[in-house]
Each structure stands twice: as C-alpha cells, then as structure tokens.
Amino acid sequence: MASENRTRIQQNDLLLHEAVIKNEPDAVREALQRPTDVNCRNNYGRAPIHWAASRGNVEIINLLIESKCDIEAADKFGMRPLLMAAWHGHLEAVKTLVGAGACLAATNKKQNDLLQCACSRGSLDVAEYAISLGAKVQTSDAAGDAPLALASRAGHTSLVELLLQRGSYIDAVNKVGRTALHVACEGGHSSTAAFLISKGASKEARDNSGRTPLHLAAVHRHTELVRVLLEAECHVDAVDNNGVTALQMACAQGCRGIAEHLLAFGANVHMQNNVGSSALHAACAADATDIVELLLAHGADPALTDQWSQSPVSVAGGAAESPPEGFRRAARGSFSAILDLLTATANLEIPHQEQSDGSLSPRADDKSRGHSPAPSEGVEHDSER
C-alpha cells in the first residue's frame, strides 16, 4: 500500500513538472490539489519553481510560493530560481522572487550572482534592477570575470555602456589576464570592441600568454574585427610570449583575409617567433598556397630558416608528408604549387630524400639532426577560456 501511494505521488510530481514546463496555470492548480511534493526534483536538481522562473510565469511562481515551495532551492549547477529568472531576462519574475524574500547574494557554482547572470545573457532591465538593489559592478566570478567582461564576451554593448556608467573598471583582468576588450575580441564582437576602444580600453593589454586583443581576433578568425582594431591603430606587430605575431597566427590558420588586412597596415613579413619561424613558414605548414603567394608578393624571404635550419620549403615538405592536427589538409598537389612559388622567387638548394613510393621529399637531413619539429611549433592555438 505504501509503495502504491509513493508511486501515485511520483506520478503527481511528474504532472506538476509538466504543467509548469508547459506554462499552464490551471494545470498547475489542479496538480497542486493532489498529493504531491512541490519541491520534487528532476535529474538536474530542478524543482517546479526553477521551471516557472526560467519561463517568467509570475502567476505560476505565485502559485508555487503559496504552496510553500523552497525559493532558495539550487539545482546541480547551483542555479536558484532568482538566478534562473535573471539568466532568462524575466524582470517581473525577478521582482516577484525578490518580493518573496529570495537571497540577493546568492551565486551559482561559477560564482555568478544576480547581476552577472543578467550580464551574461544581455538583460539590460534586470541588470539595472540588480544594480538598484545594490549589486556590485566590480564583483568577479570563479574565472575572475566581472560583469563588464561577461557582457563584453556576449557582445551586449548597451550593457557594457551601463556598467561603465556605473563605475566598472574598463581594463580589469580575469584569471588569465584578459580584459573586457580581450574577451569581446575573442567572441568576435566588433561593435562592442569599437565601443570599448572609444571609451579608452587599452588596445595593447596583454593576457597571461602575452596576447593582445589583435592576437585573439586573429586566432579566432574574426576578419572584420581585425580591421576594426587596425583602424584603431593597435600595434600590428605585437608579439606574444612565444614571439608570435597576429600575421603568423593568421597564416598558420590559412586566413587570407586577415593576412591581407595585416599586411595592408604594415605587418612585418620577416619577423620570426621564438623558434625562428616566420609567417611564410606558418603559411607553408598550413598548405595555404594563396597566402604563400601573398607573402612573397610582400617581400617574404623564402630562404629564411628557423632554429633547426628549416626553410619554408622544408616545412612545406613536412606538411605534405604528415599533416599536423589543427592545420588545413596538406595534399601533394598543393605542396607542389607552394614549391613552385618558392623556387620561382629565389634560387633555393632543396635537399631531397627518396620515399618508398619513389617520390622525393625536401627533408633529407631532419632525422640526422635528431629533431623533427612540428611546422606549427611556436605558433600556438588559443587554449585559454
């Protein structure tokens, strides 16, 4: 008998969840009149009040509050009903929960509070309300991001403007050393980045890897944003901790449009990173024939060698033999095209070794040197988030 009652209650709990999820107040009333647990949870730890808050249904929220639901219930992500309402931008739901006594200092497992949840999702009215209740604009979450960084990362320019008006520090950094401008560039938000620059954000700020906003725009392949930064007179040849320039990053990823912008603004094609690789090395390793041609037209030296005495031709040969993960495909036909471009530009002595299939490879003495570096060495992909 007890087992049957328990099963019946569980079925009623499910009906309550479904009624709230479907936004049906009458069905919620009916479900609450049956034996049911108003705080019943699903696999994500969410109770009916979470669903009501996420949908912004004030009528259902009030029904659940009248039935003595736990308005401080936290799901598996630490999200309470108040934070859910803010995350989804439901101002009236936020006000209803605040009026019912919801904790204003509550945070989720990422330490995002009411204001930070609103900023992450671009809810201007909820953010204004949170600030009116005393939310601090400089508070950082677990990653070190303040509300300004969260709004910038998502490209919410109107929120960025509000936060700056309310005293946010424009060049505050998170735990990986990135400013609001960095994260706006990481996300490819040109208008937000331009607005931050217009308000005095540092264009040359460096994160923990030594990367500037231009580096991040280039490595994430945001062509229009690169142009915006260059027109704002950022340093085109800035190097990160590995000595890598934005041009080298663009070439390594085969981004001709970005490479063209950088070269048009005076990027130095001869610069070498900490292991001696140039933009031409990177383009050859990426099998980017069109960029190789572009660099040669801008005076790139095809005879320039890295610290292992490898020329761009040697690197291109290595890419043709065994393409490294993260680069574009390196087909034999493209390698031949690159080889033709390079040899037409300069008289190069190209060492060859015979392969098992009878073809020739320009990497004869790599193994004799005891080192066979990846073509991308020193040109790292962005890994910090």
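Numbering starts at 1 and runs along the chain as it is shown here.
Backbone N, Cα and C atoms are what each Cβ position is placed from, and that goes for glycine too.
According to TrEMBL, the region 'Disordered' annotation covers 348-385. According to TrEMBL, the feature repeat 'ANK' maps to 44-76, 77-109, 143-175, 176-208, 209-241, 242-274, 275-307.
In the repeat 'ANK' (176-208), the DSSP tally of helix, strand and coil residues is 17 helix, 0 strand, 16 coil.
With a threshold of 8 Å between CB atoms, the same-chain residues lying at least 6 positions outside the repeat 'ANK' (242-274) that come near it are 209-210, 212, 214-215, 217-219, 221, 223, 226-227, 230, 236, 280, 282-283, 285-288, 290-291, 294-295, 298-301, 304, 306, 327-328, 376, 378-380.
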